[in-house]
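What follows is one structure encoded as C-alpha cells, with my remarks underneath.
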Amino acid sequence: MDRIVVGAHYGLKDWLTQRITGIVMALYTLFMAAALLAGVNGQEGWRALMSHGFVRFFTFLFIISLCWHAWIGVRDIWMDYVKPAGIRLTLHSLTAIALIGYAGWAIQVIWRL
C-alpha cells in the first residue's frame, strides 16, 4: 500500500521556530519583570531603560519573535479549519498584513525614543 503524503510539510521547522521564539519571549518577559522589580517606573525610568542599545535590540527581537510566533499559530489555524482556498488565502493575507503592520509600528516606536 502506497502512502500519500499531503500538506505543506512545515512540521519540525515550525515546531522548533515556535520553541525558539517562545524562549526569546520568556527571556524578555523575565528581563522586563526584573526591571519592574528593580524600581524602573514612570516615563523617565522607562525612557532611560529603553535608551540603551541592548534593550532596544532585545525589544526588537521580542517583537519579531512575537509576530513570527503568532504567524505560525494563526496560519496553522487557518490551514486546519478553513477549507475554502479563497477564504483561507484572504485570511492568510490579512493576518500577514496585520502582523507586518504591528511589527513596523512597534519598531518605529522603539527606535524613535
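Cβ from N, Cα, C; glycine included.
Note: TrEMBL annotation is automatic and uncurated.
Residues annotated as heme binding site in TrEMBL: HIS69. Summarising the annotation, TrEMBL assigns ubiquinone binding site to TYR81. What TrEMBL lists as transmembrane segment is 20-41, 53-71, 91-111.
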- As a whole number of Å, the Cα atom of the residue listed as 'heme binding site' is distant from the Cα atom of TYR81 (ubiquinone binding site) by 19
- Assigned conformation of TYR81 (ubiquinone binding site) - DSSP reduced to three states: helix
